[in-house]
Amino acid sequence: MRIAILSQGPELYSTKRLVEAAQLRGHEVHVINPLECYMNINMRQSSIHIGGRELPTFDAVIPRIGASITFYGSAVLRQFEMMGVYALNDSVGISRSRDKLRSMQLMSRRGIGLPITGFANKPSDIPDLIDMVGGAPLVIKLLEGTQGIGVVLAETRKAAESVIEAFMGLKANIMVQEYIKEANGADIRCFVLGDKVIAAMKRQAMPGEFRSNLHRGGTASLVKLTPEERSVAIRAAKTMGLNVAGVDLLRSNHGPVIMEVNSSPGLEGIEGATTKDVAGAIIEFVEKNVTKVKKVTQAQG
């Protein structure tokens, strides 16, 4: 097969591992920066170009689209889809998962466990918003944040009011969530592929830090999932419409709660913690599913 990997970073661990795994299985791989692509959209023969040349035909595309380029990256991916190329994760699923509030709304409708979440627009609603999520301590999140950036733990009501008011004053979109104290600064990353969790790791925050992201100094270790955790992770990925997802959950007193569904999960932490060939499993999944793609894709725009 000829496989395109949409990535701005050919030197990144995840990209290199996918290239390596695909080449080991005899495939031709091209790493393409989506920001360098431009599109010809017409009723006869749509195409994608880079540097004055039309890209060749691909059998499959693996999107590794960063959060900062979601809009343009999704547009490029959608163009591949409209040209009949199999997308490991499609543009609709990626767009859903990148909108944190929409993700929460979709999962709540499916009855998936979540932290109590509040969203408001007016400063006059702040007191009731805080009460809705159970009061302080609580977590305040920028909807556009990634890797723990833009996430604040407000330990007192006064601090919560001040931070929320400041974000609102900056016209920043935020959501407010209950603080799951019993998680003790740890979360679980479930790596979902198709209808299975193929790997999982526990991420523990540094002392004095509540964010467990590995980019913020958290440590990763093996973890054994309960059947309920495995099931809820798969349901969360399916709700987003993703074939590949990093589903982050916390162990709360009332069962697992989903914090986020990541459509472009990193491979370094999960492969390091579990010693599993996650990249190889992804390429194998593409091989099995690429023949099922229809000439007219299911992308809804």
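Heads up, the Cβ atoms here are built off N, Cα and C, so glycines get one too.
Keep in mind it's a predicted model, so treat the numbers as computed, not measured.
Now, the feature entries from Swiss-Prot:
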- Lys141, Glu178, Tyr179, Asp187, Arg211, Ser212, Asn213: ATP binding site (BINDING)
- Asp248, Glu260: Mn(2+) 1 binding site (BINDING)
- Asp248, Glu260: Mg(2+) 1 binding site (BINDING)
- Glu260, Asn262: Mn(2+) 2 binding site (BINDING)
- Glu260, Asn262: Mg(2+) 2 binding site (BINDING)
- 104-287: domain 'ATP-grasp' (DOMAIN)
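On a Cα basis, Tyr179 (ATP binding site) lies 15 Å away from Glu260 (Mn(2+) 1 binding site). The distance from the Cα of Asp248 (Mn(2+) 1 binding site) to the Cα of Glu178 (ATP binding site) comes to 16 Å. In the three-state DSSP reading, Tyr179 (ATP binding site) counts as coil. Distance between Cα atoms for Glu178 (ATP binding site) and Asn262 (Mn(2+) 2 binding site): 20 Å, as a whole number.
Remark: of the binding-site residues Glu178, Asp187, the most isolated position is Glu178 (fewest other Cβ atoms within 10 Å of its Cβ).
Rounded to a whole number, the distance between the Cα atoms of Asn262 (Mn(2+) 2 binding site) and Asp187 (ATP binding site) is 14 Å. Of the listed binding-site residues, namely Asp248, Glu260, the sparsest Cβ surroundings within 10 Å are found at Glu260. In sequence order, Lys100, Gly150, Val151, Val152, Ile174, Met175, Val176, Gln177 make up the list of same-chain residues 6 or more apart from Lys141 (ATP binding site) whose Cβ falls under 8 Å from its Cβ. Distance between Cα atoms for Tyr179 (ATP binding site) and Asn262 (Mn(2+) 2 binding site): 20 Å, as a whole number. Highest local Cβ density among the binding-site residues Tyr179, Asn262 belongs to Asn262, counted as other Cβ atoms within 10 Å over all protein chains shown. Summarising model confidence by region, the domain 'ATP-grasp' (104-287) averages a pLDDT of 93.
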